[in-house]
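*Asks:* Please read through the structure below; I'll follow up with questions.
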């Protein structure tokens, strides 16, 4: 072998032990905001009644009969957003980066005046962009809390300093709930092409096609600092995982359903007893969701083990004095137990020091999409998460 070939081979082997070249990463800084649920509580809304209404709506949407993919997130509890630019010059939007979906959409200046939720958000104006290209194809995306409708357009989209030509949705019908009180404008799906409504190529796939990233991965960090929880957010890293955000090594789990960030779980245990999912079940790792959710019957069993009281199918509470004595909950993924303590799954309400809400919700999604569990920000805050498109796997490491 020529000397240069030997040196190249040795260099290639050595890169496995070198620290990540963090300078090559593209970063999207995230901000944490009060969730829609928190805003509704502050306004005295009966969350039990609202939960019942949305449960009924979920049933009437007939998810299993839809030809379009169903997004599992209802955004009631979403707390993290980042900023992107659309158009020339860029129009700035606050978006949720959601691994549970694959489309990008923002409200449009063409939004009907009947939808007052549009009025409080930034609106995309195609007339103000010199790079706009008309498409016009109508689309509908169904969520756990309703649906958004609009039409497709094409323009330049800038994410983490990378600009791509992107087909996206201009939303003209935006539901009052939850979007009237949402602090974000739209959603940027980080899912797979198979999940995209209208056959649209997702933003991340366009970024991968440019070959500007070191690795075909992105990773998500959510801050766990509770002292100034609404002032801190997190970061999405495109092209790798930043060692400053995690400790120990990554443990990887292969995706179980092609074209989805879904993996197989082999049990949910309290203390040392496996209560649920002992024979295996499906779980989606969803950056657009804030809490952990599962089938309502399973959640009720889990809540009984914790001694929690059910306010509605999507909200459970405990006496705040119980928090130090509540047991750990472990989720078994890829042969490893990922454990949350009560400090991880109990939410302390600044307006109520008597009843504390648990970051665990019931959610029934019928076949073929469900039944499925969802691991949201409650889980990701504890375990820094890497989404690996090249190897079709998800990695978890203990967050710093």
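Quick reminder: no glycine exception, Cβ is built from N, Cα and C everywhere.
Just lifted these from Swiss-Prot, have a look:
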SIGNAL    1-17  signal peptide
CARBOHYD  65  N-linked glycosylation site
DOMAIN    80-397  domain 'Peptidase A1'
ACT_SITE  98  active site
DISULFID  111-118  disulfide bond
CARBOHYD  135  N-linked glycosylation site
DISULFID  277-281  disulfide bond
ACT_SITE  286  active site
DISULFID  320-356  disulfide bond
CARBOHYD  353  N-linked glycosylation site
*Asks:* Within the domain 'Peptidase A1' (80-397) only, compute the mean pLDDT.
*Replies:* 92
*Asks:* Within a 10 Å radius of its Cβ, which of these glycosylation sites (135, 353) has the fewest neighbouring Cβ atoms?
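*Replies:* Taking 135, 353 as the glycosylation sites, the minimal 10 Å Cβ count falls on 353.
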*Asks:* Can you tell me how many other Cβ atoms are located within 10 Å of the Cβ belonging to residue 281 (disulfide bond)?
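*Replies:* So the Cβ neighbour count for residue 281 (disulfide bond) comes to 18.
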*Asks:* Any idea what the Cα distance is from residue 320 (disulfide bond) over to residue 353 (N-linked glycosylation site), rounded to a whole Å?
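*Replies:* With distance taken Cα to Cα, residue 353 (N-linked glycosylation site) is 6 Å from residue 320 (disulfide bond).
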*Asks:* Near residue 277 (disulfide bond), how many other Cβ atoms are within 10 Å of its Cβ?
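*Replies:* Residue 277 (disulfide bond): 21 neighbouring Cβ atoms within 10 Å.
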*Asks:* DSSP three-state call for residue 118 (disulfide bond): helix, strand or coil?
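*Replies:* In the DSSP reduction, residue 118 (disulfide bond) maps to helix.
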*Asks:* For the disulfide-bonded residues listed here (111, 320), which one has the lowest count of neighbouring CB atoms within 10 Å of its own CB?
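*Replies:* Least crowded of the disulfide-bonded residues 111, 320, by Cβ count within 10 Å, is 320.
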*Asks:* CA-CA, which of the recorded positions 135, 277, 353 lies nearest residue 286 (active site)?
*Replies:* 277
*Asks:* For residue 356 (disulfide bond), just count the other CB atoms lying within 10 A of its CB, please.
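*Replies:* Around the Cβ of residue 356 (disulfide bond), 21 other Cβ atoms lie within 10 Å.
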*Asks:* Return the residues near residue 118 (disulfide bond) by Cβ distance under 8 Å, restricted to its own chain and a separation of at least 6 in sequence.
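*Replies:* In sequence order, the residues whose Cβ lies under 8 Å from that of residue 118 (disulfide bond) (at least 6 apart) are 107, 108, 111, 112, 171, 174.
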*Asks:* So which of the active-site residues is most packed in, judged by how many other Cβ atoms lie within 10 Å of its Cβ, out of 98, 286?
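*Replies:* By the 10 Å Cβ neighbour count, 286 comes out on top.
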*Asks:* Please report the distance from the Cα of residue 277 (disulfide bond) to the Cα of residue 98 (active site), rounded to the nearest angstrom.
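*Replies:* Taking the Cα atoms only, residue 277 (disulfide bond) lies 25 Å from residue 98 (active site).
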